[in-house]
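As recorded in Swiss-Prot, the features of this protein are as follows:
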type	residues	note
DISULFID	Cys4-Cys21	disulfide bond
DISULFID	Cys8-Cys23	disulfide bond
DISULFID	Cys13-Cys28	disulfide bond
Amino acid sequence: GIPCAESCVYIPCTITALLGCKCKDQVCYN
């Protein structure tokens, strides 16, 4: 997928989650 410029190591995807991004390998991907 496309990296969403947000990490999800300590907290889940927040802003980018609204854009359909999901956590994968500690990084939010679209």
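The backbone N, Cα and C atoms fix where each Cβ goes, glycine too.
Keep in mind the model is a prediction, meaning the values are calculated, not measured.
The 10 Å shell around the Cβ of Cys21 (disulfide bond) contains 22 further Cβ atoms across the protein chains shown. Secondary structure from DSSP puts Cys13 (disulfide bond) in coil. Note: the CA-CA distance between Cys4 (disulfide bond) and Cys13 (disulfide bond) rounds to 9 Å. Highest local Cβ density among the disulfide-bonded residues Cys4, Cys8, Cys13, Cys23, Cys28 belongs to Cys28, counted as other Cβ atoms within 10 Å over all protein chains shown. The two recorded residues Cys8 (disulfide bond) and Cys28 (disulfide bond) have their Cα atoms spaced 6 Å from each other. In this structure, Cys8 (disulfide bond) belongs to neither helix nor strand by DSSP; it is coil. On the backbone, the CA of Cys21 (disulfide bond) and the CA of Cys28 (disulfide bond) stand 6 Å apart. In this structure the C-alpha atoms belonging to Cys23 (disulfide bond) and Cys13 (disulfide bond) are separated by 6 Å.
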